[in-house]
Amino acid sequence: MTVNRVGLVVHGGRAEAVAAARAVRAWCAEHAVGCADIDVWQEGARHSAREEMDSAGDPDLVVTLGGDGTFLRGARLAAENDALVLGVDLGRVGFLTEVPATAVRAALDAVREERIDVESRMLLTLRASCRLEVPAQMEALLRYGRGPMLPPPRVRTECEVGGDWGVALNVTALNDVVVEKLARDRQVSVAVYLAGRLLACYSADALLVATPTGSTAYSFAAGGPVVSPRAEGLVFTPVAPHMVFNRSVVAAPDEPVALRVLERSGQAAVSIDGQLRGVLSPGDWIGVYAAPRRLKAVRLGPTDFYGRLRERMNLTDAPAALADGQAAPLWPVRTPPPEDLAHLALPPGPG
Ligand SMILES: NC(=O)c1ccc[n+]([C@@H]2O[C@H](COP(=O)([O-])OP(=O)(O)OC[C@H]3O[C@@H](n4cnc5c(N)ncnc54)[C@H](O)[C@@H]3O)[C@@H](O)[C@H]2O)c1
Ligand SMILES: Nc1ncnc2c1ncn2[C@@H]1O[C@H](COP(=O)(O)OP(=O)(O)OP(=O)(O)O)[C@@H](O)[C@H]1O
């Protein structure tokens, strides 16, 4: 895997991330690999993923130095170019990031020497009844948020658009697409369709569609299931629905989840991976589906997703269970697994 150019996305508000960026630039200089900073927070306007990647000289590896938010911003850029993304963990939770800051040079060596795995993760994209835009007066309110907004998503010209099938928008979500109430005091009323069939009409604070990766983010906070990132599917989760049916539904990877704002509902905001991208008025709809494109994430070894879940989410054991005994490993890993277990995902065996 030849890496000719690295794009750096840095959490500029964190000194350790700024120091780690210096280490990446030094490594690139030593190995004659081009390196460009991608300043997604540039003063003034933010740019489309295409523009960011063009001005960084089309990197084939995006390195993020920060937390999960920084990784999500880097993933959006990497997906645009089918580039690899490597997350260096300099955040508060670090659920998505792969390597500690102390291992950044070793990680870059591993990429260069092709001692890595590339994990393919599902991304979501969408079609909408109209182009997504944020009204100009809302920009002023966003100064209470995280700085400048992304430009409106462009229409995917490579797709057939219009007619009953709506406008294909160039958005990719690694975590989730969220439709949420815009006014604090007015829930949204939304009809939800799975695989083209009406599931139910919801009145709720928000409705979200998550990937398996995003199942541990907002969907998890709203009571949704934890889904292995190796599984395929779309998780629909309502947030505070005022109705009896409040469960998540997990759709198959080829089943779209569509959300239509009902006639007398309040307006709704659309967020993609936590970033506000548009406003829906009554009658508007979005259809969310698995993108043909996937994220290519650098892995330095087998991912211990459940270990990370236990550790990063501070999962605690039942007090009575702790009093009743210690959890020993389920199966010994000192010998190769018997034939009937050989096809299963188990911790690495000897050697
Ligand atoms: N109530 C909530 O939990 C809530 C509300 C809004 C948005 N979000 C999530 O925040 C995400 C954007 O992240 P951000 O860091 O830019 O904003 P943020 O700083 O508001 O992040 C929320 C938290 O979620 C963590 N996180 C992000 N992605 C994760 C994942 N896939 N698995 C586990 N934890 C994850 C982050 O580390 C952070 O602690 C959105 O995609 C959405 O899922 C969560
Ligand atoms: N290059 C930069 N210049 C200025 N501000 C920056 C830069 N990079 C990041 N920031 C600031 O840091 C914030 C990033 O916050 P965010 O919560 O997304 O971080 P994170 O990567 O998820 O880490 P954490 O896990 O600590 O939240 C941005 O809102 C922005 O204000």
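Please read every residue number as a count from 1 along the shown chain.
For all residues, glycine too, the Cβ spot is worked out from N, Cα and C.
Sequence-distant contacts (6 or more apart, same chain, Cβ under 8 Å) of ASP68 (active site, proton acceptor) comprise GLY91, VAL93, GLY94, PHE95, LEU96, THR97, ALA217. DSSP assigns ASP68 (active site, proton acceptor) to a helical segment in the three-state reduction. Annotated active site, proton acceptor per TrEMBL: ASP68, in sequence order.
Taken from TrEMBL, the feature NAD(+) binding site applies to ASP68, GLY69, ARG73, ASN175, ASP176, ARG186, ASP205, ALA240, GLN275. Within the same chain, the residues at least 6 positions away from ASP205 (NAD(+) binding site) whose Cβ sits under 8 Å from its Cβ are GLU180, LYS181, GLN187, VAL188, VAL239, ALA240, listed in sequence order.
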Q) Max Cα distance spanning ASP68, GLY69, ARG73, ASN175, ASP176, ARG186, ASP205, ALA240, GLN275 (NAD(+) binders), Å? A) 30
Q: Give the sequence-ordered list of residues that share a chain with GLN275 (NAD(+) binding site), lie 6 or more positions from it, and have CB atoms under 8 Å from its CB.
A: MET149, LEU150
Q | For ARG73 (NAD(+) binding site), the three-state class that DSSP assigns | A | helix
Q: Enumerate in sequence order the binding-site residues ARG73, ASP205, GLN275 whose Cβ-atom distance to ligand 1 is under 6 angstroms.
A: none
